Structures are given as structure tokens and as C-alpha cells.
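These features come from TrEMBL:
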type	residues	note
DOMAIN	2-391	domain 'Aldehyde dehydrogenase'
ACT_SITE	Glu175	active site
ACT_SITE	Cys209	active site
TRANSMEM	436-456	transmembrane segment
Amino acid sequence: MLEENKLEIHAALNADLGRGKFENYVFEIDYTINEINHMLMNIKNWAASEMPPKAMINLLDDVVIHKEPYGVVLVIGAWNYPIQLSLVPFMGAIAAGNSVILKPSEVAVNCSNILGELIPKYLNNECYKVILGGINETTELLKQKFDYIFYTGSTAVGRIVREASNKYLTPVTLELGGKSPVYIDSTADINVTAKRVLWGKFINMGQTCIAPDYIICSKEVQDAFIKEAKLIIKEWFGENPQNSPDLSRIINEKHYQRLINFLSDGEVAIGGHTDPSEKFIAPTILINVKFTDAVMSEEIFGPILPIVNISNAYEAINFINSRDKPLALYIFGTNKEEINLIINNTSSGNTIVNDTILHVSVDTLPFGGIGPSGMGSYHGKLTFDTFVHPKGCLIKNFNIIGETIAAVRYPPYSDKKLKFLNFLMAKRPDIPGVKFLPYLVMFGLGIAVTFGFKAIMKEHLYAAEP
Ligand code: NAD
């Protein structure tokens with residue numbers, strides 16, 4: 001579907017977000033195709049039952065983890081990356097064997113319409129449905145009983161989803177947002193730091209859940225950053241960024257107005273130009289911002305980057321810890337001790353050192369928030385694991401050896417039986433060489449039981465002879 005309709009999907013993204021080809025392909029179309037290919041390459045392995053290690057007492061049993069689909073999954077997508085954020089969890093739920101209802105975000109109207117139009121042409125209509133609509137439709141959907149709900153969007157709506165899911169104790173993944181801080185240390189390479197922070201901030205016009213929300217750094221670092229940022233923004237977007245084909249637009253009037261209000265906080269060091277007719281806001285950096293300003297209280301989700309001054313890493317840690325746990329925490333610097341100090345003394349969904357955004361592309365890293373920035377995670381194998389219940393199965397048989405050994409659990413109890421049971425059940429460290437000891441012991445026991453059994457049978461046979 002994605003391969004055959006690339007141009008139409010690109011056009012829908014462009015109509016919703018004014019976004020150019022490069023970002024549409026990198027972050028949505030090609031990204032999603034790649035995720036699907038990765039799933040196809042691995043689905044056999046990921047879906048296969050697992051045989052975890054077992055204790056000595058279970059050596060004759062099968063200890064198996066079955067990957068059981070939950071059943072019917074509801075995927076609710078967000079508008080800022082309307083294709084990727086709908087289709088990646090949607091395909092993960094399908095791959096895991098579920099029936100799925102997809103509810104794309106009505107805010108990106110062209111993208112939700114194209115998903116509603118294309119998906120029924122490509123997939124089984126009984127198992128996979130797309131429901132279009134807004135808050136009313138989502139509210140109605142949330143009244144139904146689902147077996148799993150995967151929601152991407154704001155923390156406020158995340159709370160509504162969680163509350164609705166409680167009625168049927170439905171498990172949820174909540175991929176939410178929040179303010180992702182950037183700490184820049186004086187040891188950082190400022191030119192590279194500025195490029196990596198500004199790129200992460202201005203892709204999709206700042207409407208990225210893991211966009212760097214604000215910078216905390218010393219006054220000296222701020223001055224150096226602003227100097228570099230002026231040159232970089234000019235180099236990337238020209239004298240008049242509004243003419244750049246590489247900057248998207250704000251999704252709608254409501255969000256545009258919300259962002260305009262932030263521009264009166266602090267002092268504009270770079271940018272500040274706005275155009276309501278195009279819902280355009282130039283890449284903007286604010287300085288002399290106070291912790292208590294509005295721009296520092298809610299997630300910005302736009303091309304405005306405030307800088308708040310602090311003196312050192314300890315202050316940065318205290319500042320980060322005094323606020324909601326972020327979806328992403330970005331640290332720039334070369335002092336390893338200081339970087340580890342921040343990593344070990346803060347809590348965030350993900351932590352990235354000396355870059356922004358790119359953890360999304362590392363499919364072996366769980367992607368998700370903590371606390372108000374979300375619960376659960378996905379990407380790579382986790383996109384499959386999220387949608388299966390790992391059903392633990394203990395499968396025994398009626399083998400006489402197993403039953404004879406396991407008979408120690410039956411009354412009448414004795415100290416001898418207790419000792420033997422403890423020996424069988426004891427947790428043992430995984431020391432090389434000792435690994436095979438339980439098998440050897442079980443083998444020995446098996447032989448002993450067999451001979452014992454034979455001896456008893458012989459006695460009975462002789463006894464039975466005339
Ligand atoms: P949104 O308004 O499109 O809402 C997302 C979904 O929630 C939509 O399908 C919508 O229909 C539904 N919805 C909205 N209000 C509702 C209500 N009152 N009751 C029931 N359902 C409702 O998107 P948004 O919430 O504006 O998205 C932006 C937020 O999402 C930001 O906070 C951003 O950080 C976060 N986000 C997180 C991730 C992530 O992966 N963690 C990705 C993208 C966006």
C-alpha cells in the first residue's frame with residue numbers, strides 16, 4: 001500500500017503539515033516501510049514459542065512461552081506524524097495476530113482520509129477497520145471492550161484513555177508527550193551541538209513529541225550557542241525562512257495561536273517572525289526566559305526554543321527532577337563523569353547523549369515515556385511484543401521417572417523429602433561447567449529409578465513364581 005501510493009501519501013502529508021518531500025519520506029513513508037520490512041524479516045522468530053531455561057525439577061517437562069495475540073486492538077494515532085504513528089503500531093498489532101481498529105487523528109484530516117480510503121483496499125475488511133472521526137467517535141470507541149489499546153497523543157487525553165481502559169482492565173500503551181530538556185555543558189562542541197539541537201527542534205516545525213523543548217545551560221554557553229545558531233539557521237533556511245521549502249507549517253489555527261502567545265516570554269534572540277495567513281512561525285530562540293514563564297510550563301510543540309540559564313550539571317539535575325519526567329532527555333558535553341552523573345540521577349523515557357531524535361531509529365532501543373510522558377514502549381521487536389500476551393505454559397507428562405521424583409511433594413511429608421525437594425528446586429548460578437550438573441544428576445537419578453523399578457518388578461515376579 002505504501003509503495004503503491006507514495007505520491008498520494010506525500011501529497012496528503014503536504015496538505016496537512018506543509019511538509020516537504022525529504023521529511024515526509026524519511027520520517028513517514030520510508031520509515032514505515034522499513035519497520036514493516038524489519039517485521040517481515042523477523043516475524044517467524046519473534047512469533048515462535050520460547051523455551052526459557054528451567055530448574056532441575058522441570059528437566060523432564062516442557063517449559064514454554066507461547067505468544068498469544070491479545071484479541072481486538074484499538075490503535076489511536078496522533079496528527080504530528082500521522083502516517084508513521086498510525087501505521088507502525090497498526091502493523092505491529094496485525095503481525096502479532098490481532099484484529100485491529102485504527103483511529104487516525106482527525107486533526108491531520110487529509111492523512112486520516114487517505115488511510116480510511118486505502119487500508120480497506122489492501123487488508124481484510126473483517127479483521128482490520130479504520131474509523132474516521134473526532135473526539136465524539138474516539139469517546140464512543142473507548143466505551144467498547146478492547147483487549148489492548150495503543151494510544152499516541154497528549155498526556156491529557158492519555159489520562160482519558162487510561163480511565164476508559166480501566167472499566168475492562170484493558171492493558172494500554174500510552175505514547176505521550178511533555179517537555180524534553182536539553183542540557184548543554186561547557187565541554188560540548190558548540191557548532192555540532194547547535195546543528196543537532198536545531199535540526200531536532202525544527203524538523204516538522206517543532207511538532208515532534210521528542211523535539212528538544214528547551215535548553216538549560218550557562219550564560220557563556222548560551223552566548224556561544226546563539227552565535228552559531230544565527231549562522232546555521234541562515235545557512236539552512238536562507239535570509240527569509242518563510243521561503244524555505246524545508247520548513248513545514250503549524251497544523252491549525254488553534255495551535256498557531258497557542259504558540260504565538262509564547263513569543264512574549266523572555267526576549268527574542270533569533271527569529272520571531274510570524275504570518276497567520278500561512279500559519280508560519282520562523283525558527284525562534286528566546287533568551288532571558290524565567291522558569292515560571294508560560295513557555296516553560298507546557299509542551300511547546302512548535303519552532304520556539306527557550307534558553308534558561310543555570311550554572312552547572314548539579315543545577316541541571318535539580319531542575320530536571322523538579323519537573324515531570326520527560327519523554328526524552330538530551331545531554332551535550334564530553335565529560336563522561338558528568339554525563340553519567342546526569343544519567344544516573346534523572347529519570348526520563350529515553351536519554352540521548354550528544355544528539356537529538358535519532359534514538360527513534362535504533363530499533364533495539366525501547367521507545368516510550370515514563371510517568372506523565374507515557375507507559376510502555378515499542379519499536380523493533382517491542383512493536384511485536386507489545387501486542388502479544390507471553391503465555392507461560394508448563395507441559396508435563398505421565399512419565400514414571402518424573403512422577404517418582406516429583407512424588408516427594410506428596411504427603412506424608414518428612415524431613416528427608418523436604419531436603420530432596422530443596423535440592424531439586426534450589427536456584428543455581430549460571431556458572432560455566434556447572435551448567436550441565438543438573439542434567440547429570442537427573443540422568444543419574446533416572447538410571448537409579450529405572451534399576452530400582454526393575455529390582456522391585458523382579459522381586460514381584462519371583463514372588464509370583466510357584
Ligand atoms: P490529537 O489531538 O490528534 O489527539 C490524538 C488522538 O486522541 C486523536 O485520535 C483524537 O481523536 C483523540 N482525542 C483527542 N481528544 C480526545 C478526547 N477528549 N477524548 C478522546 N479522544 C480524544 O493529538 P495531540 O494529543 O494534540 O498530539 C500531540 C501530543 O502527542 C503531544 O503532546 C506530543 O508530544 C504527543 N505525541 C507523542 C508521541 C510519542 O510517540 N510519545 C508521538 C507523537 C505525539
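Note that the numbers count up from 1, one per residue, in the order the chain is shown.
Each residue, glycine too, has its Cβ placed from N, Cα and C.
Automatic, uncurated: that is what TrEMBL annotation is.
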Cβ packing number for Glu175 (active site), 10 Å threshold: 26
Residues that sit under 8 angstroms from Cys209 (active site) by C-beta distance, when 6+ apart in the chain: Ala78, Asn80, Thr152, Glu175, Leu176, Gly177, Leu327
Integer mean pLDDT for the domain 'Aldehyde dehydrogenase' (2-391): 97
Assigned element (helix, strand, coil) containing Cys209 (active site), judged by DSSP: coil
